[in-house]
C-alpha cells in the first residue's frame, strides 16, 4: 500500500473514531474532562523488527499512537523478550499483555478450529480470505471461537501465497515424503503426517540450525523475502514453490477483551482501523519484496526452484480433504467454521474462475 493510501486510511479512521465518541467528547475549554492515557504491551511470535511479520505490529503501534494523539501508546516485544513466541496467546488471555501478534494455527491445541483462520491447504487466497473474514461472517466466527479465552482476534497481516519449503532431497513421488522430518504446522502439518512425513512444530529462529544439523530434512517458513533473510539457501538445496499448505497466511492481532472494553469508543475504533491498515499493508509489502528476493535467491545464490509433480499435488489435495473432514467430525466448532468457509469458497471460486483465473490465463 502506498504511503498516501495509508495516510488516507489513518485520517479516515481518526474521523470515524472521533464521530464514535459522540458530542460529549468534543467539549472544549475548562468544561472538558481530562482524557485518560493508556499504555499497552504487545507481545509477538516473531523476532523484534523481523521483515514483514515483525514489522506489522511495529507499524500498528505507530498508527495507533498517531491517531490517538498519544492517548494510547503500545510497546512491542519480540519473541522471547517477555514470553516465548508460542506463549503469546496465553499471555494475552491472562492479561499479562494487552495485545499479541501471531498466527492462529499455533493454538490448534486449545481450539482446533483456530487453524482455519490462519491457512487452509488448497483453500482461499489472501484476497478471498479477507473477503470471507470481513464480509462473509468469518471474523464473527473467529471471535466466537476465542470468546471463552477472553481474547478478541483481528486480522493483522497476510503473506500471500507461500512456498512449499526447503528440502535437502528431491521430491519426485509421495514415497519421498515418508519419514521426512519437516517443520510444518497447522492443518498442513496434519496432512503431511498422513502422507507419511514427520511434522515438527518449531519457531522460525530455530529452523536454520536444525536444517544444518540434520535435525530437520525440510522446512516451510514463509517465502523468498523472509527465507532469504534467514539464509535458508545455505542449509538446503531445493526450494519448492506451489505452497499447497498455505495458499495465504493470515496473521492475527490478539486483544485482551477486558482491556479493550476499558477503552473509550474512539480508541476502540482506532485499533480496528489500524489493524485493517496493517492487514493490507503487509500483503502489499510481501507481494513486492518476494518478487525481488526470489531473483536474489536464484541469480546470486544459485537456488534451484522446483515444483512438486502433479501426482504429488493431487494426492496432497486428497489427503487435505480427508484431514479436514475428520477434523469436522471430531469438533463441532470446526464443523461450523468449515461450513461457513467452504460455502463462501464455493461461491467466490465460481466467480473467480470467470474473472481472476481467466485473466491470469489470458495474460500469459
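Each residue, glycine too, has its Cβ placed from N, Cα and C.
Keep in mind that TrEMBL annotations are predicted by a computer and have not been checked by a curator.
Record check, TrEMBL: substrate site residues include 183, 220, 246, and the candidate from 162, 268 also listed there is 162.
Taking the mean position of the Cβ atoms of 162, 183, 220, 246 as the substrate site, the remaining residues of that chain whose Cβ falls within 8 Å of it are 163, 164, 165, 184, 185, 188, 219, 221, 222, 243, 245, 249. The number of other Cβ atoms within 10 Å of the Cβ belonging to residue 220 (substrate binding site), over all protein chains shown, comes to 25. In the shown protein chains, 29 other C-beta atoms lie within 10 A of the C-beta of residue 246 (substrate binding site). Annotation for residue 183 (substrate binding site): spatial neighbours 199, 200, 201, 202, 207, 210, 216, 218, 219, 220, 221, criterion Cβ-Cβ under 8 Å with sequence separation of six or more. In sequence order, 119, 220, 222, 223, 243, 245, 246, 247, 248, 249 make up the list of same-chain residues 6 or more apart from residue 162 (substrate binding site) whose Cβ falls under 8 Å from its Cβ.
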